[in-house]
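In TrEMBL this protein carries:
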type     : residues                                                       : note
ACT_SITE : His187                                                         : active site, proton donor
BINDING  : His187, Asn188, Ala189, Val190, His191, Asp228, Asp337, Gln388 : AMP binding site
BINDING  : His191, His227, Asp228, Asp337                                 : Zn(2+) 1 binding site
BINDING  : Asp228                                                         : Zn(2+) 2 binding site
DOMAIN   : 111-434                                                        : domain 'PDEase'
REGION   : 435-463                                                        : region 'Disordered'
Amino acid sequence: CAVCYHRPPVCVCVFNTLFSFILLFCFPPADCKLNTDHAGVLLVERRGSYPLIDLQILKSRSLLGFLDWILSCSPAANSICRLSLSFQRYCHASRLLRGLVPRTPVSLHLLDDGYLGQAAHMLSKVATWNFDIFLFDRLTNGNSLVTLMCHLFNVYGLIHHFQLDMVKLHRFLGMVQEDYHSQNPYHNAVHAADVTQAMYCYLKEPKLAEQLSPLDVFLGLMAAAAHDVDHPGVNQPFLIKTRHHLASLYQNTSVLESHHWRSTVGMLRESGLLSHLPADMSQDIEQQLGSLILATDISRQNEFLLTFREHLDHRDLDLELPSHRHFILQIALKCADVCNPCRVWELSRQWSERVCEEFYRQGDLERKFDLEISPLCNQQADSVPAIQTGFISYIVEPLFEEWHRFTEPSLLSRTMMGQLHQNKARWSRLRYARTPSATQMDPQVEEPEPAGSSGEEDGGDIP
Ligand SMILES: [Zn+2]
């Protein structure tokens, strides 16, 4: 259904959709087209984290404008339109309905067995570092996060271990996947699935795998899947300067991460996924999830990096201690969150372009509303290669160098470092190609690729 995204057999607003189409073709307003964007507008309208779109609704002729126009010209249509709007709002607001009827925002067609067979085949290789999450998302009809999480929970026997109810698990995962904004070029459910797949690879590191308890694995996967849920596609400084209610709620500190965590807790409680566990255990899980998700706040990067470095220098990490395992889970999640530049170039490049597109959209919004354009958000001044070389140099490389030490180093770690250096050199060359004068400003522009980074050994896959 183009309005509520439900598949035809269970579409709850089929009448509403038909009615809208009939009205559209009978009384087309001059500047109104009914397309899937309108469904997007309605979808984001219900989200508390996205008042920006409210501004757009006010300033543009959208489906709501079209319905207002209908209301004003037809008394007979008035009550039906009101009914249809309230019904839509109910459908979008009702987690119960959304849980029972998972939506597939990307594509509406049903998959044939061939697609599902290919997706199943990909899952058999989910531990490989060159796993193509974009392809997997297409093969699963936009359900990569739910499909991947169910598979990994089965692989680890978590459903049996925690006596989880499958219906509640599906409902929870469906809520999480759905609450990612598919309109975001980067912070969407595919990013969450990508981080979860990376987290799985890190949990399988020989240094770690034997030490982890089922609870550690459960927390690691859950935190990865939900770490950016309901991300509005703008950063914290934007929320602060626009006096967004989330910034006030969380007192301008780890605003987005706090929202991701509290949203996750809300969905856990609403789905009842942990309701059969003792209260102190479910409370502990909620707190640990918070500690993991809050660790992804990039402004706390140095704090974590210094502590990690100190542990490695003193060789005092004891993975038999739950607190030390928790710290390593925090670091693993941070690595998984920013691991795009460590992927094979073709995947890495797509992520880079997506994140920059999201930055540029924020910059466009800031320009539109006469706000100061945030760093990295000016499409005219901040090129993708320049953003990526900075991101790799200041954020990714320092973190993965320490992770490399921690794994002593593993085959996967050597693969990641090799690809990281190759990708950095490639972005530097692209940056140089765009701005010849950059050679005077950036000593790393002509940086040669590190020895061994271009060979087969480092570019290889993990077993
Ligand atoms: Zn993230």
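Just so you know, glycine gets a Cβ as well, placed from its N, Cα and C.
One way to see the shell of the Zn(2+) 1 site is to take the Cβ centroid of His191, His227, Asp228, Asp337; the remaining same-chain residues with a Cβ within 8 Å of it are His187, Ala192, Val195, Ala224, His231, Thr296. Cβ environment of Ala189 (AMP binding site): Gly142, Ser144, Leu145, Gln177, Tyr180, Ser182 lie under 8 Å away, each six or more residues apart in the same chain. Fewest Cβ neighbours within 10 Å among the binding-site residues Asp228, Asp337: that distinction goes to Asp337. Between His187 (active site, proton donor) and Asp337 (AMP binding site), the C-alpha separation comes to 11 Å.
The average pLDDT computed over the domain 'PDEase' (111-434) stands at 96. Residues His187, Asn188, Ala189, Val190, His191, Asp228, Asp337, Gln388, recorded as contacting AMP, have a largest CA-CA distance of 22 Å. Highest Cβ count within 10 Å among the recorded positions His187, His191, His227: His227.
Looking only at Cα atoms, His227 (Zn(2+) 1 binding site) sits nearest to Asp337 among the binding-site residues Asn188, Asp337, Gln388.
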